[in-house]
Ligand code: GTP
Ligand code: MG
């Protein structure tokens, strides 16, 4: 399959716990190439825009508060079959259901504070990447 790209965020719980380096090591060892990266902090409003698809869900306000509670690292990653392979690497949304050896199994604290985001389609990977990065920040 052709090289393609996905978008990820190391979420506030994992970033503040000092797990960024360990997670980046897993990402690189799984064959992903980092093509863009930055440390930043979302406002609750921007977190709400990012997770707009969930705005009718009961956990939406909590999610926006949590995602704006501290610094995150945003990255664009390249690999063949990037979106699906990255979802496999991070594991299920709920760490209690995440497979052994996945990022969420190792580092997530709860279904909400679940360490890492991964795009769910090529289209969303493109949209989410451009939410954080301009084209001249991608290599
Ligand atoms: P992302 O990669 O972050 O998009 O996670 P996901 O695709 O595995 O899950 P989904 O898009 O359904 O949910 C987005 C985020 O909302 C999750 O990663 C969690 O942080 C949070 N979330 C999802 N379900 C629940 C829930 O039932 N309760 C709470 N409190 N948070 C949830
Ligand atoms: Mg999702």
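We count from 1, first residue shown onward.
Backbone N, Cα and C atoms are what each Cβ position is placed from, and that goes for glycine too.
What TrEMBL says about this one:
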{"type": "ACT_SITE", "residues": "117", "note": "active site, pros-phosphohistidine intermediate"}
{"type": "BINDING", "residues": "11, 59, 87, 93, 104, 114", "note": "ATP binding site"}
{"type": "DOMAIN", "residues": "3-138", "note": "domain 'Nucleoside diphosphate kinase-like'"}
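Taking only the Cα positions, the spacing between residue 93 (ATP binding site) and residue 117 (active site, pros-phosphohistidine intermediate) is 9 angstrom. Close to ligand 1, meaning a Cβ under 6 Å from one of its atoms, is not one of the binding-site residues 11, 87, 104. When the domain 'Nucleoside diphosphate kinase-like' (3-138) is classified with DSSP, helix, strand and coil residues number 64 helix, 28 strand, 44 coil. Rounded to a whole number, the C-alpha distance linking residue 59 (ATP binding site) with residue 117 (active site, pros-phosphohistidine intermediate) is 16 angstrom. Here the CA atom of the residue listed as 'active site, pros-phosphohistidine intermediate' lies 9 Å from the CA atom of residue 87 (ATP binding site). Ranking the binding-site residues 93, 114 by the number of CB atoms within 10 A of their own CB puts 114 at the top. The Cβ of residue 104 (ATP binding site) lies under 8 Å from the Cβ of 90, 91, 92, 93, 95, 98, 114, 115, 116, each of these being in the same chain and 6 or more residues away along the sequence.
Residues 11, 59, 87, 93, 104, 114 are listed as the ATP binders, and the farthest two of them sit 21 Å apart at their Cα atoms. For residue 87 (ATP binding site), other Cβ atoms within 10 Å of its Cβ number 15.
Listed in sequence order, 7, 8, 9, 11 are the same-chain residues six or more apart from the residue listed as 'active site, pros-phosphohistidine intermediate' with CB atoms under 8 A from its CB. It is 11 that, of the binding-site residues 11, 59, has its Cβ surrounded by the most other Cβ atoms within 10 Å. Per-residue pLDDT, averaged over the domain 'Nucleoside diphosphate kinase-like' (3-138), rounds to 97.
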